[in-house]
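*Asks:* Starting off with a structure, shown below.
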Amino acid sequence: MEQTLVIQKKKGFGFSQGIGITLLIAIAAKYLAELPFLNIMGQLVIAILIGMVWRAAIGVPHDAIAGTNFASKKLLRFGIILLGMRLNLVDIAKAGPKVLVIAAVVITFTIFVVYGLTKVFKVEKKLGILTACGTAICGAAAVVAIAPQVKAKDDETAVGAAIIAILGTIFTLIYTLLYPVLGLSPYGYGVFSGATLHEIAHVIAAAAPGGSTAVDIAVIVKLTRVAMLVPVAILIGLWFGKSEGSEGKRSWRELPIPWFIFGFLAMSAVHSLGIIPEVVAGYIVVLAYMLIAMAMAGLGLNVEFKTFRKLGSKAFVAGLIGSVCLSVLGYVLVYALGFM
């Protein structure tokens, strides 16, 4: 009996230790993300990288793994639900149908192109899907939301999120340098940035040279892409299940529907109705990013650098080429739809 209690206490301490490590990393990532240049990468990406460094330098106690796994799975879903508080459906509606069109076109195009490229480069199927969706929709958040749909492993999820983050940072710097020669108005440049960059942090940083006009519309266009995470996640789950040969009748609980995504949509609806004060909504978004950062830390703590090198090199090249194609398409659409 006493031995059982000792084992339970040890497991409980290990679980708490795992949660504590991810929280510590998430807090460190938040403050580091406020520094020049690192703010382009954002809290989520920095959390993954710190987690990987922590594992390589310090290691993760065996008993703490249960806590880091809890963070990377359960806390992740709760964080994504709360992240819906950032999305205002009214603002998206006011932006007009052209914004919906450009978001739908770039997402569809990018998923097919990037996934096609990953097949050409013989990237593992699940990592290819994650890379495609992360590039097309909303970076790391899309990667971790789609991961359960394709039953991706933690290392595939972490590598996919890191690849998208690095690509987004590179293209953010390129956009900032190219802004004076693109020939776009601040409004058009904002649409271009919001339609083609990977993370919200990337969009805001890249649009900054165009002023508040560019940043405001860039965020709206980007959040329109984020809103499409719900249908894309469902479609990816259905397609993946069919491609893997899933047969037979399944209960509604077994359908490839990420139910937590509907929580995300519900939070968006609540925010859109104006029920919650903006100040409170802002704090909820901060909490959402903290929880997702803890999840990212948990993923990073489960990945070794050699795994990243092994899995990530070909996927990175595919994502790089796909991102170039996305940028070209976005630029063409800005002109074609009259956003100049």
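Including glycine, each Cβ sits where the backbone N, Cα and C put it.
Since the structure is predicted, the reported quantities are computational estimates derived from the model, not experimental observations.
I grabbed these lines from Swiss-Prot:
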- 13-35: transmembrane segment (TRANSMEM)
- 40-59: transmembrane segment (TRANSMEM)
- 99-118: transmembrane segment (TRANSMEM)
- 128-150: transmembrane segment (TRANSMEM)
- 157-179: transmembrane segment (TRANSMEM)
- 189-211: transmembrane segment (TRANSMEM)
- 218-240: transmembrane segment (TRANSMEM)
- 255-277: transmembrane segment (TRANSMEM)
- 279-301: transmembrane segment (TRANSMEM)
- 316-338: transmembrane segment (TRANSMEM)
*Asks:* What residues in the same chain, six or more past the boundaries of the transmembrane segment (189-211), come closer than 8 Å to it by Cβ-Cβ distance?
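*Replies:* Same-chain contacts beyond the ends: 33, 39-45, 86, 99, 102-103, 106, 134-135, 138-141, 164-165, 167-169, 171-172, 175-176, 179, 182, 217-226, 323, 326-327, 329-331, 333-334, 339.
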*Asks:* Given pairs 6 or more apart, does the transmembrane segment (279-301) have at least three Cβ pairs under 8 Å with the transmembrane segment (13-35)?
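*Replies:* The answer is yes, given that the two segments have at least 3 Cβ pairs within the 8 Å cut-off.
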*Asks:* How about the transmembrane segment (99-118) with the transmembrane segment (13-35) - do they touch, taking at least 3 C-beta pairs under 8 Å (6 or more apart in sequence) as contact?
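*Replies:* Judged by the Cβ rule, the two regions do not touch, with the required three close pairs absent.
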*Asks:* Which listed range (13-35, 218-240, 316-338) shows the maximal number of Cβ pairs under 8 Å with respect to the transmembrane segment (157-179)?
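*Replies:* By the under-8 Å Cβ criterion, the transmembrane segment (157-179) pairs most with 316-338.
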